[in-house]
Amino acid sequence: MRISKPHLRITSIQCYVCLLLNTHFLTEAGIRVFILGCISAGIPKTEANWEDVRKDLQKIENLIQSLHMDATLYTESDVHPRCKVTAMNCFLLELEVISHESRDGDIEETVKNLILLANSSLSSNGNITESGCKVCEELEEKNITEFLESFKHIVQMFINPP
């Protein structure tokens, strides 16, 4: 599977370390560059991931309009901030239903990419356990339009945390 977002490509830090060890690492400036490089490599870039998730979600919405799907999906319409990871996992599971029922290659590819991006962003939050949140099957079933609107709202919660 190919991720279509260029900022998610992993750079090989080993090459930089080897280069620094063989040339400038013995100077004070080389040590500073090495330390700053190590620090910047550890900074998560989840904000960009959620923006890309939002863009893929918009693309899915546009593609679905041409298919006229009438599926109903478990939808969390009033997400509490302390349950946003649980709600996002439910949305991602339901998104697979859209992918399966659409039988459209563009939707399937975009859904796979969106799920990959969202999961990589969620993994940066660590293993968060949220108690008191509804499980997916307890959520109200709504049409695709309402599902996508609620999905966009929760993605926005990850982009701009309360």
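Glycine too: its Cβ is placed from the backbone N, Cα and C atoms.
According to Swiss-Prot, the cysteine that forms a disulfide bond with C133, out of C18, C38, C83, is C83. A disulfide bond in Swiss-Prot ties C136 to one cysteine from C38, C90, and that cysteine is C90.
Here the candidates are the disulfide-bonded residues C83, C90, C136. The one whose C-alpha lies nearest to that of N119 (N-linked glycosylation site) is C90. In this structure, C133 (disulfide bond) belongs to neither helix nor strand by DSSP; it is coil. Cβ-based neighbour count (10 Å, all protein chains) for N119 (N-linked glycosylation site) stands at 13.
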